[in-house]
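These notes are about the structure you will find just below.
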Amino acid sequence: MLRPQGPAAESSFDLMKLSITIMIVVLLIVFSIAAYVLVRFRRKPDQREMPEQVEGSFKLEVLWTVIPLILVVVLAVPTVKAVFAAGNDHSNDKNAIKVKVTGHQYWWEFQYTDYGVTTAQDLVIPAGKDIAFELSTKDVLHSFWVPSLSGKMDTNPDGTTNRFSFSAPNEGVYRGKCAELCGPSHGFMEFKVKSVSEAEFEKWVNSMKSPAVLPEDPALAEKFKSQCLTCHAMGDMPDMSSAPNLTGIGSRESVAGILLNDDTGVDGAPVLENLKTWLHDTQGVKPGNKMPDPKKDMNLSDEEIDGIAEFLAGYTLD
Ligand code: CUA
């Protein structure tokens, strides 16, 4: 929030700076006057009589009514302007990229309606373009938030959709959060926004559409199909929206949104290790998540789980 990377976040940050500046100025003036009065009018050691009692001052009363009024106007005008600008959702803008965001306990689904592509956890967008979001939820109230790019927007369980837009002028990876308590793994309901060049975005869309692949070992492929692909979709398979789409999962920034695929960071590990951690103990990584346990519920052996983790880690986008 304090390092805005796009126009929507910058306008919020400007409002913060304006209000904090006004507050500091008011604070300094009020405290200086208070300090002066405390020193100047304090009781002298030999003073016994009551000081002169003053009551009512038309001049002062006008002054301390008009000054706050001016400050409120100075705060209100840019705030109202920014709020209306934030309501501009770009949903009818031909140049905007339309993305349907669906909140799930505890992951994010992103559907690119104009491209026929669905993905999860990594929202890939072209830098500088307006992204028009349409937000809803599959279960409870979540809130979609990318602090460095924009404000929050709720996903409502009552069937209504919320719309808003933001853009990321600079290429880079931005951290996204769920900002509404939605269950035991609310704090792990993270996602990433990857802002890439237009050419890279087109390439990504095309590779997302390439046909689904399966593990090489036929027995494992059969298990994977019957146990995993009944909920998850990949490549050109139709999406069921009941579990995250797995296309190119080996190229993502994280596993399950929270295990960072970055062995250079403090908390990160290579994608294969993260996939193994996840598949061997999904409830340990994300308590309360809705995925059946690969071992207990799907009867997969440790070797099979490792084999699937290896396959998924190698399932990258070219
Ligand atoms: Cu979803 Cu908090």
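Cβ from N, Cα, C; glycine included.
According to TrEMBL, the protein has these features:
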- 1-90: domain 'Cytochrome oxidase subunit II transmembrane region profile' (DOMAIN)
- 94-207: domain 'Cytochrome oxidase subunit II copper A binding' (DOMAIN)
- 215-316: domain 'Cytochrome c' (DOMAIN)
- 20-41: transmembrane segment (TRANSMEM)
- 62-84: transmembrane segment (TRANSMEM)
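Only residues 6 or more beyond the boundaries of the transmembrane segment (62-84), in the same chain, are considered here, and those with a CB under 8 A from a CB of the stretch are 11-12, 14-15, 18-19, 22, 26. Here the domain 'Cytochrome c' (215-316) has, by DSSP, the following mix of helix, strand and coil residues: 40 helix, 6 strand, 56 coil.
Looking only at the domain 'Cytochrome c' (215-316), the predicted model's pLDDT averages out at 90.
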